[in-house]
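Remarks on the structure that follows.
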């Protein structure tokens with residue numbers, strides 16, 4: 001198992017004291033959402049609707065029957081966020097949005113912000129207010145935070161190892177959570193690839209096959225963009241050095257909108273667990289800075305450093321979002337405080 005602390009930069013351990021100590025000035029109501037690293041833009045994505053859907057699927061048609069049976073309706077409690085393993089926390093701003101939707105009167109206080117390092121056992125935030133509302137929000141916001149923090153943690157590890165290349169995610173995100181997943185990548189220090197099919201032309205193997213070859217595919221895109229008067233980045237996937245040469249030859253004799261060349265599976269895995277990046281380096285030398293380059297395929301936490309030293313501009317990894325391990329985070333009600341409030345209300 002790979003240790004998170006082995007890869008995280010030292011500055012994540014040197015947390016300023018002002019973040020550790022709880023202070024009244026850091027307290028906010030749930031309606032006062034403070035957003036540090038903003039989510040990426042999307043023309044049709046409604047983050048509030050996603051939150052509403054997540055809460056609705058949990059509540060069903062009756063609401064939280066267990067909560068209604070066990071907790072007095074007017075009971076006030078304080079609960080704290082607990083990191084149960086080391087990592088990068090993400091989803092703080094989203095948690096604020098969820099609390100705001102559930103009950104704007106809840107008081108929320110954070111000792112860490114999105115992108116900060118948390119260690120196992122750290123209480124990094126707290127919320128106080130109506131117990132029913134806090135428990136209703138609990139599972140939904142933890143589902144978001146655990147997934148986002150897992151993505152951010154892996155992204156941080158890979159981004160540090162990949163330098164000077166930039167790490168990118170892909171469109172291999174959880175259905176309905178595209179923006180959330182890509183937001184977590186930004187929080188972890190990565191860069192976003194295209195948001196969807198609409199904001200960048202990306203010529204992949206199926207397009208190339210259907211167009212009758214890589215040159216035909218790139219040429220068709222150039223003609224289409226000119227005809228429609230569209231301005232956007234264009235990337236083409238190459239699988240061999242011969243395809244790289246074909247693209248470069250076409251670009252030398254034509255006016256093209258091409259901006260990036262993907263070098264797919266040019267990282268060759270070896271039996272000893274290492275990788276051979278000879279083909280990747282050869283492709284980068286052929287391109288010689290004329291276009292951005294992106295390495296894809298056989299990218300892991302163990303191989304990304306070697307790939308990053310090859311001279312490529314970007315390294316993309318679907319693993320950042322499609323199979324990431326969630327970071328273990330919990331939300332615990334302060335039992336002693338809850339009992340004291342219960343005694344005062346004569347319901348404990």
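Positions of Cβ are set from backbone N, Cα and C atoms, glycine also.
Database features, via Swiss-Prot:
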- 1-41: transit peptide (TRANSIT)
- 139, 170, 171, 172, 194, 204, 237, 264, 296, 297, 298, 317, 318, 319: substrate binding site (BINDING)
When DSSP is mapped onto helix/strand/coil, what comes out for residue 194 (substrate binding site)? coil
According to DSSP, does residue 171 (substrate binding site) fall in a helix, a strand, or coil? coil
Once the DSSP letters are reduced so that anything not helix or strand counts as coil, what is residue 139 (substrate binding site)? helix
